[in-house]
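What TrEMBL records for this protein:
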| type | residues | note |
| --- | --- | --- |
| BINDING | ASP8, HIS9, GLY66, THR67, GLY68, ILE69, GLY70, ASN99, ARG109, ARG132, ARG136 | D-ribulose 5-phosphate binding site |
| ACT_SITE | CYS65 | active site, proton acceptor |
| ACT_SITE | HIS98 | active site, proton donor |
Amino acid sequence: MKVAIGSDHGGYKLKEEIKGLLASMNVEVVDVGCTCEDSVDYPDYAQPVAEMVAAGECDRGILVCGTGIGMSIAANKIPGIRCALVHDTFSARATREHNNSNVLAMGERVIGPGLALDIVKIWLETEYQGGRHERRLEKIAGIETKHAGVK
Ligand code: RB5
């Protein structure tokens, strides 16, 4: 599996911890930054991660900012992206099984690193269930198509 990862300054430390976990899981990582705790703008990191996933260059994406909210809003603007903002292990499993989420967003100022790493592991290892959920994902894609190009 190949995972694109990005953070702003508010998520930098957690991003680095997640990279350590991914290395221990033999997951290939593309890190788009940021590279330190100097203030930056989260859309500049959400966009390349989401674009790599949407283009099929990476299998999944992980985004971290202070809350995870800005990253998730930005990533979900990219067609084909289903970014889930997750801060508990139940949701980490459910969003893979039900939503086939392809990007995970978390907030470093919301949860501690222990829980965050558990969430990442569960999210990466849980399979999409398909079945009845497929119809719902098709409806989400339909919304995207209907509004494509609308200003
Ligand atoms: C940066 O201060 C903060 O706004 C950002 O990390 C994130 O929480 C935005 O949603």
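Glycine is no exception: its Cβ is also placed from the backbone N, Cα and C atoms.
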Exercise. Rounded to a whole number, how many Å is the Cα of GLY70 (D-ribulose 5-phosphate binding site) away from the Cα of HIS98 (active site, proton donor)?
Worked result: 23
Seminar exercise, completed: Quick note, GLY66 (D-ribulose 5-phosphate binding site) and HIS98 (active site, proton donor): C-alpha atoms separated, nearest Å, by 26
Seminar exercise, completed: the residue listed as 'active site, proton donor' sits from GLY68 (D-ribulose 5-phosphate binding site) (Cα to Cα, rounded, in Å) at a distance of 20
Exercise. What does DSSP assign CYS65 (active site, proton acceptor), in three states?
Worked result: strand
For this session: Please report the number of other Cβ atoms within 10 Å of the Cβ of ASP8 (D-ribulose 5-phosphate binding site).
Result: 26
Exercise. How many neighbouring Cβ atoms, not counting its own, are there within 10 Å of the Cβ of the residue listed as 'active site, proton donor'?
Worked result: 18
Seminar exercise, completed: Expected list for ligand 1 (Cβ under 6 angstroms, recorded positions CYS65, GLY68, ARG109, ARG136) reads CYS65
Problem set entry | Among the D-ribulose 5-phosphate-binding set ASP8, HIS9, GLY66, THR67, GLY68, ILE69, GLY70, ASN99, ARG109, ARG132, ARG136, as the record gives it, the longest Cα-Cα distance in Å | 39
Exercise. Can you tell me how far the Cα of ARG136 (D-ribulose 5-phosphate binding site) sits from the Cα of the residue listed as 'active site, proton acceptor', in Å?
Worked result: 28
Seminar exercise, completed: One of the recorded positions ASP8, CYS65, ARG109 has its Cα closest to the Cα of the residue listed as 'active site, proton donor', namely CYS65
Exercise. Of GLY66, GLY68, GLY70, the binding-site residues given in the record, which has the fewest other CB atoms within 10 A of its CB?
Worked result: GLY66
Exercise. Can you name the residues of this chain that are 6 or more positions from ARG109 (D-ribulose 5-phosphate binding site) yet have a C-beta less than 8 Å from its C-beta?
Worked result: GLY10, GLY66, THR67
